[in-house]
Every structure is written in C-alpha cells, then in structure tokens.
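According to TrEMBL, the features are:
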REPEAT    103-144  repeat 'WD'
REPEAT    145-186  repeat 'WD'
REPEAT    187-221  repeat 'WD'
REGION    228-259  region 'Disordered'
COILED    308-335  coiled coil
REPEAT    408-448  repeat 'WD'
REPEAT    489-523  repeat 'WD'
REPEAT    584-625  repeat 'WD'
REPEAT    626-667  repeat 'WD'
REPEAT    668-700  repeat 'WD'
DOMAIN    802-904  domain 'Small-subunit processome Utp12'
Amino acid sequence: MGLSRQYLRYVPAALFGLLGSAGGNAAMVALGGERGRGVAVAACEHVFVWDLRKGEKVLILKGLKQEARYLCPSPDGLHLAVGYEDGSIHIFNLLNGEANVTFNGHKAAVTAMQYDQLGGRLVSGSKDTDVIVWDVINESGLYRLKGHKDAVTQVLFLKEKNLLVTSGKDTLVKWWDLDTQHCFKTLVGHRTEVWGMALISEEKRLITGTADSELRVWDISYIQEEVKDPDEPESKKSKGSSPVAEKNTEEDETLELDESPEERLLKCSKVGSIMREGRDRVVTLATDRTGKILACHGTDSVLEVFSILSQEEVQKKLEKKMKKAKKKAKKKSEEEEPEGDVELSLQEEIQRVTNIKASAKIKSFDMILSPKGELKVVLLLQNNIIESYLLNLSAQVPQAVRASKISIGGHRSDVRTLAFSSDNIAILSASAESVKIWNRSTLQCIRTMDCEYALCSFFVPGDRQVIVGTKTGKLQLYDLASGSLMETLNAHDGAVWSIALSPDQRGFVTGGADKCVKFWEFELVKDESSVQKRLSMKQVRILQLDEDVLCVRYSPNQKLLAVSLLDCTVKIFYTDTLKFFLSLYGHKLPVLCMDISYDGTLIATGSADRNVKIWGLDFGDCHRSLFAHDDSVMYLQFVAKSHLFFTAGKDGKIKQWDADKFEHIQTLEGHHQEVWCLALSPNGDYVVSASHDKSLRLWERTREPLVLEEEREMQREAEYEESVAKEDQPVVAGETQGETGLAGKKTIETIKAAERIMEAIELYREEMAKLKEHKAICKAAGKEVPYPVNPILRAYGNITPSEYVLEVLKKVKSSELEESLLVLPFSYVPDLLRLFNEYIRLGAEVELLCRALLFLLKIHFGQITSNQMLVTVIENLKKTTISRVSEARDVLGFNMAGLQHLKREIEAKDEVMFFADATDRFEEKKRKRKKKEKMILAVV
C-alpha cells in the first residue's frame, strides 16, 4: 500500500501561562534542604514546583493526560504523592522528578491523601466514596474501606494508634480500626457536608468544618486496653460509656447494629464550637506539622489563623484563673473557696491570631512554622497567582506581611485572543486585564501591558507594535519596545469581535457588534511634543450591515472580504466597490470563526452548531459539511501554503482537517476545558492555543509522517483499553460485599500482566513436554541428541522454563500483582502452585511468592481444597513455606538487633540522642559562631 497523502504529526511542545490550577492544592516542599522554600502546585496534568524566593519554576513533575487533583508530600520531604482526576496516584521523587510508583484503585478523582507518621503507608479518599490504604514501601494496595455514601473530603491517620478518621460529603465522620479494617464509630452530629477536619491537642481533639460558620470541636478519650484479661476491660469500658457519651455518639444503624458499647476503642463527644468570620462553607481546614496553628478559609479571600495552646500553656492559664477566682472569693467572703468551677473556655484554648487577606479568592493553602515562631503561609489563588505571607506570632499584634508573589508568568483571567509575529518568534496573548508577549523558544513572558477586555489582536507589520480590539469597542495600539499604550481609538459602539490585517499590509479591517465593518489604514503622525513620527491608524471606509458582525476575513488577493453575521450567514463582498457578491447560508447557528485558504479557492466556516462547512469561493457552493466538535467551534485557521486547517472547540479539543479530502487528520488533546482561541505561526510549524483552564499550550510540527489508517487503528485501541477498564470488576467466588475490599482495580495493565503470566506458564508446559520427548529420543538412540533451546529462554540467557516463569512474575508491578492473579483462569493455578513449591524450596523471592500464594489460596480456596491432585502440593508448600518464612524472619530480627546495638554504641560514644539531635546541635553551634563573628565585627 503506497502512502496516499503524507501528513506531518503535531505534538505537544510545552504548557505555559499557568502558575497553578485552581482545581488542585498547594503543598510546601523542601528546596536545597530548606523547608518551606518551595511550593508544589497542580498545573493541569503536571505538577510545578516553584521557588518562592526567586519566583522561578524549578521542577516539572510530568503527568500523562489526566488533571492532577491532590498533592501530598511525604514526611521525609523527598517524595510527593499526586492524585489524579481518573483516580490514579503517582509518587514522584522530588530530587530527580521521576514517578517511581503508580497506584490504580479509585474509579473517580482523588480528593484527599495523607501519609502516616513514618511515611510507610498512604491513605487516599476519592469521589467514588472509597478510602484505600496503600503500602508505599511494598508499592502495593493493602485494602479498600467502604462506608461513605458520598465523596470523601478528608482522611487522617492517628499517630499513636492504628486508627484512621475520614470525613465525607455525606455529613459523616467515620473512625476505622486498621487492625481489623472495620468502621467502629460514626459521628452523625453534622447537618451538612463535612468539608474539612483536623486533629489537634496531641490527637485529643478533632475539629470539623462544615457548610456553616461554626468549627465544631470534639473531645476524644481513648478507652484503655492495657489488661489482656477478657473480663477486666469490659468493666472498665462499661463504666466509661456514660449515658451522656451515648447520647453524643449516635451510631450509624447500618454498620453498628450488632456492636455493643463495650467494643469501642474511644469516645468522641462534642465540647463546643469556634465561630469563623466567613459565612460560607469551609474549603480547607488544616493544622501545621507541629499542631500549634490551625487555619481555615472559605470561598472568599480571607484566611483565618488560630493558635492552639499546648497542655503546659493551658495549665498555666488555669492556675492564673484559679488565683483570680480565689482573690475574688476572699473579697466576697472569707469562708468558702471555689475549686471546681474554674474552667477554660474553648475560645481561650483555641485563640484567633489574625486574618490574612489575599488579593483574590483563595483556593488552597499550606503553612509551616519555623522554630523561631515565624509562620510562613503560601496561598494558591483562583486567578492564577501564588502568594506567600510571613506572620510573626511572637509579636504583640501579629500582622501578616506578604513575602512574595508569583504572577508574571500568567494571565489573571482567560486568554481570549492569540497572535504570532511574522518571524514566528513572538506570541501575543491578551485577556480581560493584560496583553502579554512571550518568547516562543524560551516561553518567558517578555512584556506585560495593561489593557481593557481584549477580544481580538494582531501584530502590526514589522512586529514592533500590536493592536488589540476590546469589548468596549476600542482599538488599543501598543509599542513593544517601551511596553506602553500609544493610542486608544473608539472604533465601534459595541464589542470589536474580529480584526483582520489586509494582505497588502497597509491597513486592516474590523467588525463589531454595532453592525459595521470598518476599514482602517496605517499612517505616520507627528505629535506636538516629539520630533519623530509615530504610527497611528485612520478610518477610511465603512460598510453598514443589518446584523452584528462576528468575524471578518480578507481573501489573499484582497479582492474579496468575507463577513460572518449574527443571522447565521456569511456574506462576501468585493473589497474595492463593497458590492455584494455571495451569501453562504446553511449553518443553523451563527458562524463564530472562518478562514480563507492561501490560494483563495476555499473558505472554511466554523459555527456554534458544532459543524464546519467548506465552501468554494468561485460560486459559493458547499463542498462538505463536517461534524467537527461536541460543542461550539470557537476558532478556525488554515495552515500556510496548504489546504489543511485547524479548528478549536468548546469540547477542549483541537483538530486538524484536510479541506480537499474532507478528512479528519489528528486531534490534539491536552486542554481540560473549553479552548477559546488558537494561532498558527506563519510558517505553519507551531500552533499555540488558549483555554478556560488558564493554560496556553504550544504544539510543534514534527518530521514524523502520519498515516491515517494507523491513526484510526491507534484510536480504536485506545477506546478498547478505556472500555476494558470500565467493565465490571472481577469478583471472588463466595465473597460478600463487606466494609473492606481489594485495593486495586482492573486496568489494561493488570490484564496484560495476567496474559504474560499465562503465556509464561504455557511456555513452561510446552518446554516440559519437549524435554520429556527429548529424553525419550535420547533413550531410544542410546546417545545425547542436541536439544533445541527456545529462543525466548535463550534471550534470557539460557535459563530454565521454571526460572522464566519466576522472571515474568517478578516483572509484574507490585501494585498490580493481586489484580493480575485475580483475572488469571484457575486452569493455570495448579502449575503455579507446583512452581511456587519449587521456588520456595530453593529460597528464591520468598516474600513475593508468599504474597502471591496466600492470595491464590484465598480466592480459589474451594477449588484447591476439593482437588485431590493438589493435596500433596499444598502439604509440601506448607512445610517449605513455614520454614523459609521463619528463616527470613530470623534474618530480619538479627539485623534489627544489630542496628539497635549499633545505635546504642553510637549514643554511648557521643552521649547524643542519635542523629537528629546531633544535627540540631551542629546548627546551634553554627548560629552561635556566626553571632560571635558579627559581634566581633561590630566591635571592630
């Protein structure tokens, strides 16, 4: 098959103009060993790490297609867990920016994540109402907890006990015991969604934020379980569960019908509430890592900061109060002394520090408290800005001071117009408040100039000035060298919807909402103040029409002018006489964009009715109507010197079409929301597009040929893979739907992994059969006959078939192992069990094999136990496994003891409480030395 027509592929080159997506959150990360210097923010599908001090982007953690939704740094600060829109989680290494671990378990967007204290486990909550606990070290899922009826909003590990607290939009706060993996308590005291939650006062209190201006505070009292005697804790607990506590903790009927109050691990009772100033719902509620500061914000621009008193401070305050009470009592009457009724109110324990007013709506925040008592807060704002504030808590009246603001690299609002300079180097983007000029190769913003609400724009020939048409009907002329506004003209009475440069480059034409098309020419004028002439523009002609003008375009020979009107037609006029030539009608809704090909033979029109029509310009006949997008077609432009054109739609896609063959060539997917406009470079090598997700994207033409048949085939494969993931999840025979489930989910990767295991076992069976045959042949011949080695085994270095199966098993991702074994047909399991026995006897990969073995036994228990052939295999496995596992445990125990011994040795030597304290002391010495040096210098 010869190539019918060769097209070149366009690929994504860069994402710019975006500082942080409002849909994600901000998380402080360490930069160069300095905590709180960097901030990680979601930026569409990527994660950007910004240096707050320099205002520079220092790292990009690249995602695939889905938007990043939630970021959570690990306790050691070396890793960042990122949850995505499709429910997947990637764990990135912050030193090199690589994603080492991927978890697939959720079916919808990840909404909350948290690491446990050591960073060994990660818990994630999602819109699909499930909570999943992952083992980060083993890179696998532990279990899925089901119980919430709506999206999960917050998940918190307790430091001291193996418990988990989760809150959801279903108004519930659930307590989970992770040892038994069940929900032992449900708080039902909230009337509206629980949007945020935080543990304070050494996990003795829980604060929840809902849709009103109250922050509810709950007291947590743990019921002691020191004594293992079954009778004793019961008596303790029955004493503890007073009728008051009973009343405060109504239980969720569905989960706790059979649960007696004796089995509870803790009591949770409401102690009161703190009032916020904001009247709307809580968006984020969090404490800093020390737990001394609590902050929250609603849907406005105010962050409220509270200080939480520690136990010692509470004790001091109580003593002061007691003294005052005693003095008062002495004054009143000398006899009695009030002891019992002195109590601290909640407002005294949790004090309001101050409010931080940001420059726009806050979407997310993170904070860090330095040892000196200075609070550093970073805010991600709705309008594409990252701000950081410093708050000195030791001051009498703490005031927030803005430390830095990252805003230059993006627009505050959606970009409505884009243009390329004639040398393909500069890109103009304009939004409701500013015009920015970008360097295409470095993607740096070179100029920012204030403007009114921009709708259309172009570079004046020579690329030294730009003209912008605005919503108020003005034309604004900017000089790029000085970055100043040179002139503003009132061009139309309504919005200037469209602007087009004439092919002779002497003037341009504008179309507006006042039903006029106006023709302008460039001229040089002399101001009284200056000697030199400057560029200006003057109106030369006007064409009055019956409807609002939405788009205007010149034909390349400047003979014709196409005008799209609000009555869904496109009228074509002769440029010289302004006489009417053709009317193109057929669209059901107004034509929002159009373009004429370089040779003037074709005009393509894109409409709000989602269709693109291709017309001949000789007679105005419609060549073809193409259903282009799933929503309005917002922009259309031909590639230079060809009949290929690009369209941008409100469905977030950019598509390339062939106007001769009427074929769809390729789709550029990347934007997550409506695409407003695009611009092609004059040489056709670059496309730049702007979207409602606040991002600008650059696409580059490669030299790679694109064959349509292959493209369609790839599209079908991608659709099939998507449909596989949406199919019903595999079920385990005889298992009922309970509170817990498997952490993973069926994806195309798990299916491929299962297929690889099946292929490996089939190869093993074939090779074993061949080996038998070969032995028989050798016996019959009475001599060694050469044995043909399988090419796959040879590629692996002449390994045995059973070793090959182990190799394949080792290559299955740890996080996908259970799901892969779940879809494996039972006919392969007996072979696997026999092989496992062989491997474990040799002591190879004991941990991995035990995990796989126990899982297979769990899911195929009935079939394995009823199979007579497997009885001996299982018996052998029992012996070998137990001995090997105890060996592995002994080795671990010995190593742990060795490390403990080394630690004691080092501590005894230096009399230092291990490494952490040593570094602190070193820092302190350094500080003192510097102080001394400063003092000496001052004296000198």
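Including glycine, each Cβ sits where the backbone N, Cα and C put it.
All TrEMBL annotations are machine predictions without curation.
Beyond its flanks by at least six residues, the repeat 'WD' (145-186) meets 108, 111-117, 121, 123-133, 192-199, 203, 206, 208, 210, 222, 249, 251-252, 255-256, 259, 263-266, 268, 285, 737-741 of its own chain at Cβ-Cβ distances under 8 Å. If you look at the repeat 'WD' (187-221), the same-chain residues 6 or more away from its ends with a CB under 8 A from one of its CBs are 150, 153-154, 156, 158-160, 165, 167-175, 240, 248-252, 266-287, 291, 294, 296, 308, 310-311, 346, 349-350.
Most Cβ pairs under 8 Å to the repeat 'WD' (668-700), among the stretches 103-144, 408-448, 489-523, 584-625, belong to 408-448. Away from its own ends, the repeat 'WD' (626-667) comes close to residues 5, 7, 9-10, 589, 592-598, 602, 604-608, 610-614, 673-680, 682-684, 687, 689, 691, 699, 706, 708, 711 of its chain (Cβ-Cβ under 8 Å, at least six residues beyond either end). Counting same-chain residues at least six beyond the ends of the repeat 'WD' (584-625), those with a Cβ under 8 angstroms from any Cβ of the stretch are 550-551, 553-557, 559-560, 562, 564-572, 631-638, 640-643, 645, 647, 649, 657, 659, 662.
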